[in-house]
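Student: Pasting a structure here, questions to come.
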Amino acid sequence: MNISDVAKITGLTSKAIRFYEEKGLVTPPMRSENGYRTYTQQHLNELTLLRQARQVGFNLEESGELVNLFNDPQRHSADVKRRTLEKVAEIERHIEELQSMRNQLLALANACPGDDSADCPIIENLSGCCHHRAG
């Protein structure tokens with residue numbers, strides 16, 4: 001298979017595939033006599049794993065580690081599960097941070113009259129001001 005075939009099958013761009021190769025995240029493809037990359041089912045599996053790992057929140061390094069585990073016949077599912085649960089905990093922390101930000105923004109928006117006056121509790125709060133501007 002050539003790179004355009006692999007791109008269609010995996011849903012990745014040719015540029016992304018080359019990037020993953022440059023970063024050493026996938027097994028290097030063989031080269032044909034004319035210098036074109038030749039891909040196998042193994043490459044499809046690795047690239048699909050990378051794409052899907054990225055979609056569920058794993059960063060590049062973590063995704064590469066998952067590819068390494070995929071290629072390791074001696075891997076332990078406990079390692080994969082541990083990494084997955086660590087990612088879940090990280091996502092949960094991020095959700096809590098986002099919810100806190102959302103609540104803070106809603107409180108600011110509720111404190112703002114949203115009228116034609118220059119007084120804006122949102123700006124005052126975010127700028128650290130504690131007094132209204134003198135008129």
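Glycine residues also receive a Cβ, built from the backbone N, Cα and C atoms like all the rest.
Straight out of Swiss-Prot:
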type	residues	note
DOMAIN	1-69	domain 'HTH merR-type'
DNA_BIND	4-23	DNA-binding region
BINDING	CYS112, CYS120	Cu(+) binding site
Student: What is the average pLDDT across the DNA-binding region (4-23)?
Tutor: 96
Student: Who sits close to CYS112 (Cu(+) binding site): which same-chain residues at least 6 apart have their Cβ under 8 Å from its Cβ?
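Tutor: For CYS112 (Cu(+) binding site), the qualifying residues are CYS120, PRO121, ILE122.
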Student: Measure the Cβ-based neighbour count of CYS120 (Cu(+) binding site), defined as the other Cβ atoms within 10 Å of its Cβ.
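Tutor: Its Cβ has 18 other Cβ atoms within 10 Å.
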Student: Helix, strand or coil: which one is CYS120 (Cu(+) binding site) in, per DSSP?
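Tutor: CYS120 (Cu(+) binding site) sits in coil per DSSP, no helix or strand.
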Student: Give the residue counts of the domain 'HTH merR-type' (1-69) per reduced DSSP state, in the order helix, strand, coil.
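Tutor: Helix, strand, coil within the domain 'HTH merR-type' (1-69): 42 helix, 4 strand, 23 coil.
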